[in-house]
There are 2 protein chains.
Amino acid sequence: MAEGTRPTPKTGRSLLYLTDEQLRRGIEAMFFAYRGFTADPDRILEEHGYGRAHHRTLHFIHRAPGTTVNNLLSILGVTKQSLNRVLRTLITDGLVESRVGTQDKRERHLYLTETGSELERQLSDAQRERMRAAYRAAGPEAVAGFRQVLEAMMDPDIRRHFNRLSDGGA
Amino acid sequence: MAEGTRPTPKTGRSLLYLTDEQLRRGIEAMFFAYRGFTADPDRILEEHGYGRAHHRTLHFIHRAPGTTVNNLLSILGVTKQSLNRVLRTLITDGLVESRVGTQDKRERHLYLTETGSELERQLSDAQRERMRAAYRAAGPEAVAGFRQVLEAMMDPDIRRHFNRLSDGGA
DNA sequence: AATCTTATGTCAGCGTTGTTGACTTTCCAA
DNA sequence: TTGGAAAGTCAACAACGCTGACATAAGATT
């Protein structure tokens, strides 16, 4: 893992796409693309005095209405204190509603209000538009490859989450 | 841009990959994959008391030794105050060397020291390993698509940066 | 020579968002 | 009834963005 520069691979089949140089390009592409990916929502969030954490929270509550705080925690991968701060402002501002669980009254089930749905839609419209343009420019086969590489890059636990979410929403 | 749910496209050719649902999956994939993408370097950085900003700085100085502060600023897209804070700690800790320009003495040219190169290598080895595994799992064609979509997702200015960097390092 | 501009560095202060630690309340379940 | 899980809160801190203000050096222009 630290043997320095890797020359042209010795394998028969072309493994050019696995050279350090190609990998470095992929890394930089990921870095720059993520900036574009978040740029549009960031602008909208700024107008409302919110940050990316608020966006993520709205997104996943929209995705799974009625989800519990604990569930949200494991998806977002942050501490409850961190999530709670964001969640509190969203509840105070009337974008998210927290309902005590009927079966387990310790749990809080989270829902977007009208206002919350409105902002979520604004944010996801902007982000989807960027994604749509990229998808259209690259074409369906590129998109399939894009998805495959991204999925392979996730941590296994997260990949399970991801696939569970994808199945649920299909 | 706010017309609600988008049903099956009416076009003859399959544009299934452009449905809101597919786009949402792409968005979530991007989010989760970026977490994986940064996870390994983050662990290493933590041991040294550094953060992602330090990683990015080391990366781009490694990429373009002798680069100026201003150039770095435009690549990283942060303010000089923000970069300066990071750069100062790296210089103080002996990972980066700052040399006054020979032609234009206002400029500072930045270089990695031995120690700086060592950490940079550690970080990029870890990140490349993750990227390599993902590339290998997905295959060359998927990788090509991955790169195409990422590039299309960047802001145009950034894309120019990216292509300039890629050309220089080829 | 005087002035404008550019490149850089620095200080102070602030905001978002992550962290740990400690503590409380509620309430299911053994 | 007691243990522990779920949720919430308070305090403190760190990383890393930001703005504004100011200083210095030096190239560029008038």
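Cβ coordinates are placed from backbone N, Cα and C, and glycine is handled just like the others.
TrEMBL annotations: computationally assigned, not manually curated.
As recorded in TrEMBL:
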DOMAIN    B:20-155  domain 'HTH marR-type'
Problem set entry | Confidence summary for the domain 'HTH marR-type' (B:20-155), mean pLDDT rounded | 95
Exercise. Counting each residue once, how many in the domain 'HTH marR-type' (B:20-155) are helix, strand and coil under DSSP?
Worked result: 101 helix, 12 strand, 23 coil
